[in-house]
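Participant: Before we start, here is the structure in question, set down as structure tokens.
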Amino acid sequence: RVRPLNSTETSRRDYAVVNCPGKDSIIRLDAPPIEFNEISPLQSTVNNGSQGKVFNFDMVFDPNSSQHEVFEYCGIKRLIDLSQEGFSCTIFAFGQTGSGKTYTITGPITPFEKSLKNQPFQGLLQRTFVYLLNSIQARNTDTVLSASYLEIYNEQVKDLLNPRLSDSLPVRWSKTRGFYVENLFTVQFETLESIMNVLAEGTRNRQSSSHTLNEYSSRSHTLLTIYIKTETTHPNNLSRCLTKHGKLCFVDLAGSERVKETGSTGELMTEANNINRSLLTLGNCISALVDPKKKDGYIPYRDSKLTKLLADCLGGSGITLMFACVSPSSTSLQETMNTLRYASRAKRIKNRPVAKMDQKEKLIIGLEEEIKALQMENLFLRQQLQLPSAGKKNQAVKRSKAEGLTKSKLLSKGESVEAEETLSRLQPFPEQSLYGMLQEFMIENENLRCENNRLLKRQESSREEQQLLSEENGRLVQKL
């Protein structure tokens, strides 16, 4: 997204070095200033000396693009829908300080104007709240919404919804959750007013300062996360429910800056150094993920708390929408080029999105799929051995399980003992409960495995017998 030239840049007589042509446009870049076209779908061109450098993206928004147009055409609606299906989706803005990142995410927030609810200027966050709540109402599903809001300031994680905690919150890692912030406060909400209050509270507590390039510069990275828990009916069994855990994470990164240009000293310089250090680590992670030699090797997520918390969206199982925000000013040419290079590299990252489900339900679905696979294998083996279908026999076995009958007709002696031990371990669970369902699935799996083993052994015996007969026939032929 390219912002317009601001009053400071026009008073300096800066000219635009960024143009947004159409897909097939050819532009002469040797005669500034450049006029901007309408929203263009695919290209952004930077005047870098005598020859322009062309960058290709999924969508390019010129300075005339409204907040409404950005929301409608950037693809965020697709991510909101996917988050309700259990996917982890992230939207983050990256770019130089003063390039329009916070304006894109939340709108023009300043200490002197309360524009969070000013509709024409509302950012992606407010528009997402409206779309999400309307979508949930239209789907008519059981949904629980909650939110958290944090900032990373000088490599310290602060809870923006609980500012009384002065200590930095620890970032932990677990096998099931990945990186997460311990003791982070979350609040449930059901209405637009409730979540808007969460946004307003966090925005008031965020660190910001003024310097030469930006009067209201964000001095921290912020992450506002919406957690979406939905319950839907199982597609293959209407009597059962599936619980999915999706989330939408909005990341407003602090802007990269050159201390010499911003005139930062003292505390501002410390903030700038920490911001640049974490953004450098983010760039290193992006570079490693797109490098075929390093992608399956070491990725330096642990070098910064920012990259720890973005690990899932960068190279994990999440879905990510990245906004590269740039200034068109000739003074900012080098920073603009750096931002566009970062975005071009990030565009090449390939993730494998996975919907997050309740672990018990995931186990049940896995067992059901395993049963189907074993049944197919069983049928194939019976066809190979020219045996009758085992459908009726399996039904009889299922009845005998509930009655505690022996399975000696189906299994060999050793296999029968093993199956009985499995039955005795599973027996204490109530039949109609979730564990009862697991019991039935595991017993059926055990039966199918045992029968498949018996059929495989029988097939192997037949092959050995056939081999002996073949050798015998060979000897008889030699005698003849």
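Note that Cβ sites are derived from N, Cα and C of the backbone, with glycine treated the same way.
It should be emphasised that the depicted structure is a prediction, and the values quoted were computed from it without experimental measurement.
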Participant: Looking at 301-328, 357-384, which one is coiled coil according to TrEMBL?
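Facilitator: It is 357-384 that TrEMBL describes as coiled coil.
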Participant: Around GLY98 (ATP binding site), how many other C-beta atoms are within 10 angstroms of its C-beta?
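Facilitator: Its Cβ has 28 other Cβ atoms within 10 Å.
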Participant: Suppose you look only at the domain 'Kinesin motor' (1-349); what would the mean pLDDT be?
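Facilitator: Reported value for the domain 'Kinesin motor' (1-349) is a mean pLDDT of 82.
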Participant: Have a look at the binding-site residues (GLY95, GLY100) and report the one with the fewest Cβ neighbours inside 10 Å.
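Facilitator: Sparsest of the binding-site residues GLY95, GLY100 by Cβ contacts within 10 Å: GLY100.
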Participant: If you draw a 10 Å sphere on the Cβ of LYS101 (ATP binding site), how many other Cβ atoms land inside?
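Facilitator: By my count, 26.
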